[in-house]
C-alpha cells in the first residue's frame, strides 16, 4: 500500500510544476502572427466588444427596474471600476505583447495552475457569450419580421421540451456564427476591416440617437412629478452599477490581439484608454437622452430606444435603431470569435491544451484550426441549447480573470527584472564619478570604530535597492523582513490581501442577510478584515518596486490593483449560488 503513495520529493516537484511561471523570449516582438493592427484597429475592436446590444437593451432595463434616471451615475461608477481593471490589462499588454490576454498575464507572473484556471474559464465564457449574442441577434432580427422565422421553424421542424435545450432549433443564430467564422479565418486584416464597417454603422446610429434625443429631450422627465432623478436612492444606483459593470467587459479583446499589433507598447494602452472612454461616453449620453425623451417609469425594457422614438412620433427611427443594434451585435460576435482561438492557441503553445490548436496557417497567419473548431462549437451551442441559464456564468469568468490580472500586476511590479546583459568594461556606470584619483581604490584609514560605522551606514543608504527588497526607510522598524528573498514577502502579502478581501466582502454581502450577525460582531469583523487588508497593502508598499520602464505602467501601485481586487470579489459574491455551482463543475472538468 505504501509503495503506491507519492514520495515527498515527487510531490514537491509536482507542486513546483503547478506553480512554475512562463519564461518569455528576449525578443517578444517575434511572432508567427501577422503584426498588422494599428491603434485605430485595436480601438475599434475594443469598442465593438463593449458597445453591443447592451447599449440598446441594458440602458432601458437598468433605468426602469433598478436606478431610474440615475442610471447615468451607475454608468459613471461602473466606467471608473472598469478603468481599474483596464489599466492592469494595458500595462500587461504593453509589457508582454503576446496573445493569450489574462491567461498569459497570469502565467508569466503567478503560476501555471492559476493560468490554466483562468484560460479554462475564459474559454467557456467566450463560447457561451458568442452563442448568446448570436441568439439575441437572431431574436432581434426575427422580431422585425413579426417572428415569422420562429413560427416557420416551430411549424416545419418542431419544438423540444427538454431541460437545458432551447424551445426550438435556432438555425439563423448558427448560420450567422458560421459566416462570421469564415470571415475571421481569412486573417486579422479581414476581421479588422469587417469590424470597421459594422462599428462605423453602429457609431453613426449612436450619433443619430444622441442628436435626435437631445432635440426631443424634456427636462420635466427628471422632475419630482415623474419620481425625481434617483427614485431608488443610493442602493438603486449601486445595484445599477453592478449590472452596468458587465457592459464594459469587452476591452480584453485588445490585450488578446497584442501579438498582432504593429507597436503594442504604445498601441495597446492607447486603444484600451480610447475604447473605454468612448464606450463609457456612449453609455452615459444614451442614458441621458433616453430618460429625457420619455419618463423613465414608462420605458419598455426589451426595446427602450425604439419604443421611445415611436412614442414621440418617429416610428421610422425604430428601423435605424434596429439596424444599429444588429451591427453592434455583429461587432461583439466578431470580438468573441477573434479572441477565443488566440487564447486557445496560447494554451496549446504552452502544452496546456491540445497541440493541434497551436497551428498557424502559413498564408493567413491565424490559428485557423481553433477558429473553425470553436466557431462550430459556438454554432452548435446557439442552435440547440437554452443559454439563458448559462449567461450568468459569463460574469464569474470575467471577474475571476480581472482579479488575477490585478494580483499579477502587484506580484510582477515587485519582482526583480531580468538582466539582459552586462555593460562593457569601458562604459561608465550611471552615477559613477567621472574622475577618480589614483588612490581611489586604496582603503582609507579611519581613526575610530564610530567613523567606520558611519561610513557603512552612508554606503547602505546610497546603495540601489532591487525590486522586492525592503525600502531603506522601513528597515529599522521591519528589520526581520530583510532576511527573505526579494519579492517573497510581497507574494505572501498579496495572498493575505486577497484572503482579507474575500472575508471582508463576504461579511458585507452575507453578514446581515444569510449569516444574521449581531451588530457588534458585524462591525468587529469588518474592522478586523479591513485592518488585515490595509496592513497587507502597507507591507507591499514598504518594498521597492520596479522603476519606470519605457512601456505604460498603471499609477498608484499597489492601491489601484488592490481596489480592483476588492471590487471584483464583491461583485463575484453577489452572483447566485447556481452560478458558483456551475463554475465548480466546470473547474472539475478542467
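Keep in mind that glycine also has a Cβ here, set from the backbone N, Cα and C atoms.
Residues annotated as transmembrane segment in TrEMBL: 36-58 (among others).
Sequence annotations record features per position, and here TrEMBL assigns transmembrane segment to 70-90 (among others).
The transmembrane segment annotation in TrEMBL covers 102-123 (among others).
Tertiary neighbourhood of the transmembrane segment (171-190): same-chain residues 33-34, 36-37, 130-131, 134-135, 137-138, 141-142, 149, 153, 257, 260, 330, 333-334, 337-338, 341, 361, 364-366, 368, 371-372, 375-376, 378-380, 382-383, selected by CB-CB distance under 8 Å and a gap of 6+ residues from either end. If you look up TrEMBL, you'll see 171-190 (among others) marked as transmembrane segment.
Note on the transmembrane segment (197-217): residues 44, 47-48, 51, 55, 282, 285-286, 288-290, 292-293, 305, 309, 312, 314, 317, 320-321, 323-324, 327-328, 330-331, 334 of its chain, located 6 or more positions outside it, place their CB under 8 angstroms from a CB of the stretch. What TrEMBL records for 197-217 (among others) is transmembrane segment.
Residues or ranges marked as transmembrane segment by TrEMBL: 229-251 (among others).
What TrEMBL records for 272-294 (among others) is transmembrane segment.
Here the transmembrane segment (366-385) has Cβ contacts under 8 Å with residues 33-34, 126-128, 130-132, 134-135, 138, 164-166, 169-171, 173-175, 177-178, 180-181, 184-185, 187-188, 336-337, 340-342, 344-345, 348, 356-360 of the same chain, all six or more residues outside its ends. What TrEMBL lists as transmembrane segment is 366-385 (among others).
For 391-412 (among others), the entry in TrEMBL reads transmembrane segment.
What TrEMBL lists as transmembrane segment is 489-510 (among others). With a cut-off of 8 Å between Cβ atoms, the residues of this chain six or more beyond the transmembrane segment (489-510) that come close are 403, 407, 410-411, 414, 468, 470, 481, 517, 522, 525-526, 529-530, 532-533, 536-537, 539-540, 543, 562, 565-566, 569-570, 573-574.
The annotation transmembrane segment is assigned in TrEMBL to 522-542 (among others).
When DSSP labels each residue, the domain 'Cationic amino acid transporter C-terminal' (552-590) comes out as 28 helix, 0 strand, 11 coil, counted as helix, strand and coil in that order. Sequence annotations record features per position, and here TrEMBL assigns domain 'Cationic amino acid transporter C-terminal' to 552-590.
Taken from TrEMBL, the feature transmembrane segment covers 554-573 (among others). Same-chain residues lying 6 or more positions outside the transmembrane segment (554-573) and placing a CB less than 8 Å from one of its CB atoms are 81, 84-85, 87-88, 90-91, 242, 245, 395-396, 399-400, 402-403, 406-407, 409-410, 413, 497-498, 501-502, 504-506, 508-510, 533, 537, 540-541, 545.
Outside the transmembrane segment (391-412) by six or more residues, the chain places 84-85, 88-89, 91-92, 95, 101-102, 105-106, 108-110, 114, 117-118, 121-122, 124-125, 128-129, 132, 246, 249, 252, 487, 490-491, 494, 498, 540, 554, 557-558, 561-562, 564-565, 568-569, 571-572, 575-576, 578-580, 582-583, 586 with a CB less than 8 A from a CB of the stretch.
Residues 133, 136-137, 140, 188-189, 192, 195-196, 198-199, 202-203, 206, 243-244, 246-254, 257, 260-263, 266-268, 270-272, 274-276, 278-279, 282-283, 286, 301-306, 321, 324-325, 328-329, 331-332, 334-336, 338-339 of the same chain lie 6+ residues outside the transmembrane segment (36-58) yet bring a C-beta within less than 8 angstroms of a C-beta in it.
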